[in-house]
Each structure stands twice: as structure tokens, then as C-alpha cells.
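Below you'll find the structure, written out as C-alpha cells, and then a few comments.
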């Protein structure tokens, strides 16, 4: 039991849990004889209680017995059913409602785990998708073990005491270390997946870096602080000293869940023109809004001591599964719609300056410009009068040969003379810090690209396309070495038309002269014709 939720004074309120002197004049019916009884002179009665709370049998035998209950027992029963708490007897906290809520969460978690393992796929987000599947499997396994232990405990209490109590189920959340460890690992992985989802919502590399650093730090801090009190209950004697930590960590988790829900809902509002066009996408969007709001909603309801108080761990696991899996599916479908719209648009997709590592777009543009400049200068030096359109063609060999980075190092200018000076200690320290920062950013970008996905400008081919190309090459016989495909093309030169016009002019001149000229013209025509052929 968490002391920050319930104070000890609320539990000591039932008089039937204390011994009561009934006095004399009581007849007790013998269990083996129907029409016999024993007269008792002095009787002390005390109800069966567990942790200073009476245990009642939820059956229909209350009014069927001809004997009445004691006044203290009746008063305690009326008080018991008015307590809206997990130690009370209200209908919300009856054993039937608790079992129904636990099994419902178990069914939802297993269903979403199956969907995550079968339906959701993505080669660009392979690492984070594997983490999501592992987290879903851990959550399903944890709830399976939890329900098994609950049923065994209820069976034991039914056989020993003849009653089943919802109160005993609540102790499993904090006393069972298997549930605590698996819940800690599943929650940690789900929050890492939520960090990956938020990273996918943004396009700039700098924004992804900031989200990665802040999200990982907040996730690790919140989960480590959350798991300290359950472990302290089993390792230290002063277990009540750590209970003061839980309300602050609970508020911390509420803030993280609210931030995640706010970011997702804001992105949904920004993309309303896409998902509003399709009915199925609209229903999935409404479901996404509902599930991302359930997590902070259940946190607040658990703190406010409503029906799910002390059942929050089961509901939190289900909320983490739904808010992660359904949001991931919605984001995948939204990306498909965005790619279709960008393909039909004139502008296409946006390209940011820092989208590629090491400024690949800028370097490629510099290489192309340098190669074109060198090609034009070489053509001008060899033949200044021959201007052809082929001089503007830039082949890959020329681009790869002339690289401005091979001649001018990064960070140096051609108009400045550099010496091998070590500089001051401040400059060296700043240089070392800058180098360390660049390395950290580099590894961060590698983690983000490999786990969350590639950048927008990277052209990645899927496996199916490669398989189809390999099949076509095999059918054509191109998989063998030394085999190529050539395409025929008709080429017309401008010099052919000029030669034909010159030949016609010479024929006209030869027909005007005499027979001697005719012989010469025929020889000339023949030689010209042969030369033309």
C-alpha cells in the first residue's frame, strides 16, 4: 500500500474487527444436529478481518437465513460499502470488477502485440520497430504471469478462508518482483519508442538531435526513480522513507505523458488536410487522439483516487501499448499519403541544409561546378573556335577526379597563409571540446538514422525492388560476366546534307560542257560518289 494515497487512520474504523462481549443467553446450533443447540453463558465475537478490514462473503444468503446479524456487523457493512477505495466494499472495487478490468487489459495488450508483430513493418525503421515488438511481448508476458498469480491466490484464499478478496490482488503490484521488473523494462522500451515517434514527426536534423537527447534523459530518469520504491521494499527496512518519492515521480510521468500527447495532437492538427480526405484515416486519427490522451488521463484519475486507484499499473501498461502501437500505425499511413502528395506536387519534398551528413548536397554541387569549369577551360584551350554543346556534359569520372576537398582542406582559405602554431591553451581546449561535440553529434545521428530511420534525402531501395531487378537480369542473361545490352540509334550528321548539295551543283556544271567535259565529269562523279560512299 502506498502511504501517500491512504493514511493509516482511514483503516481503523470497523468495530466488528475488535473483540465484542455478547454476554449470556445465546444459543449456538450444533453443526451435526439439526434440532439441537448449546446454551453459552459468555461469548466473545470478532469478525474475520484482514489488515483491520472485515471480509464479507458476496453471496445471496444475506436474507435467506432466519437469524439476524449483529448490529455491529450490520453497521460495519453499511460503512464498508460506502468506502470508494480498494480497501472498501463498493461495487467498483468488488472482485468481479477487478477481474474484469485485468482480463480486459490483458486481451487488449495481446491483441495489439499480435498486430505489432504481424501488420506493422518498415525497413527504414527496423531498429525502433524491433524495440516496439520486444516491449509489446514483455507487456503481454507480464500480464499473463500476473493473471496466473492472481487466479492462484484467489483459489488459495477460497479454499482456506472461503472468501475471495480484491484487497490481496493489489499487493502483487508492489510485492511481486517479477511484475515490477517486467513492467519496468516494458515501460522503459515503450517510452524509447515514443521518443522515436516524436523524432519521426520532425524533419530537421537539429530538431531530431534535441528530441533524442532530451527524450532519452527524461525517460531514463523517470523510470529509475519510479523503480526505486518497489526495490527498497525488499532490500531495506525503512521502506516507508521511500514512499515520499513516488508522488513526485508520478507527477513527472504525468508531465512526460502530457508532453507526448500534446506533440502528437499538434502534429495531427497540422496534417488535418491529409487525413480528413479519407474516412478510414479519419477514424484512425480519432482513435489516435483518444489513446494518447488516455495515458495522462489515467495518471490523473489514479492520483485523484478514483475507481482505478491502485489498478493504475495494469491500465498504464495497456495505455503505453495502445498509445505507441496505434500512433505508429497512424504515422506510417500518414507518411504514405505525404509521399503521394509530394510525388504529385511540382515542388516535391522539402530539403533542408543539414539534412545530409557532412553537407553532401553542397559538396556534390561544388564538384559538379568545378568539373564543368575545368571541362570548359580545357575545351577552350584545345579549340577556341569549335563551340559544341558537348562541352557542358559532365561525366562521373571528371566529377570524381576533381574534388575541391582534395585540394583545399576544410576550414582553410586559399587567400590565407597558415603556420604550424599550437595556439593558446584556450584555443586548444575549445578545439578539443568542439571535436568531442562533433563526435557525439555524429554518433547521435548514426543512432537516429539506424534506429528511427534514414534522412529524407537518402535514396534507399527496398528488397523487393532488388529481387525483381535480379530476376529480370537473370532472364536476360545479364547475370553472367562480359554480357551487355546495347541499344541502336539513328545518327544524322550535318556534313551529309552539305556533301549532297555540293554533288548536285557539280553535276549541273558538267552537263553544260561538251563531250570531253562529259568524260571528265563522269570520272569526277564516280570519284566523288566513291568518296561519299
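Backbone N, Cα and C atoms are what each Cβ position is placed from, and that goes for glycine too.
If you check Swiss-Prot, you get these features:
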type	residues	note
COMPBIAS	516-527	compositional bias 'Polar residues'
MOD_RES	409	phosphoserine
REGION	452-473	region 'Disordered'
REGION	494-533	region 'Disordered'
TOPO_DOM	1-94	topological domain 'Extracellular'
TOPO_DOM	149-178	topological domain 'Extracellular'
TOPO_DOM	231-247	topological domain 'Extracellular'
TOPO_DOM	302-307	topological domain 'Extracellular'
TRANSMEM	95-115	transmembrane segment
TRANSMEM	128-148	transmembrane segment
TRANSMEM	179-199	transmembrane segment
TRANSMEM	210-230	transmembrane segment
TRANSMEM	248-268	transmembrane segment
TRANSMEM	281-301	transmembrane segment
TRANSMEM	308-328	transmembrane segment
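Pairs of Cβ atoms less than 8 Å apart link the transmembrane segment (210-230) most often to 179-199, out of 95-115, 128-148, 179-199, 248-268, 281-301. Sequence-distant neighbours of the transmembrane segment (281-301) (same chain, 6+ residues past either end, Cβ-Cβ under 8 Å): 250, 253-254, 257-258, 260-261, 264-265, 268, 274-275, 307-309, 312, 315-316, 319-320, 322-323, 326-327, 329-330, 333-334, 337. Here the transmembrane segment (95-115) has long-range neighbours at 58, 133, 136-137, 139-140, 143-144, 146-147, 150, 154, 164-166, 169, 308, 311, 314-315, 317-318, 321-322, 325-326, 329, meaning same-chain residues at least 6 beyond its ends whose C-beta is under 8 angstroms from one of its own.
Residue counts for the topological domain 'Extracellular' (149-178) under DSSP, split into helix (H, G, I), strand (E, B) and coil, are 23 helix, 0 strand, 7 coil.
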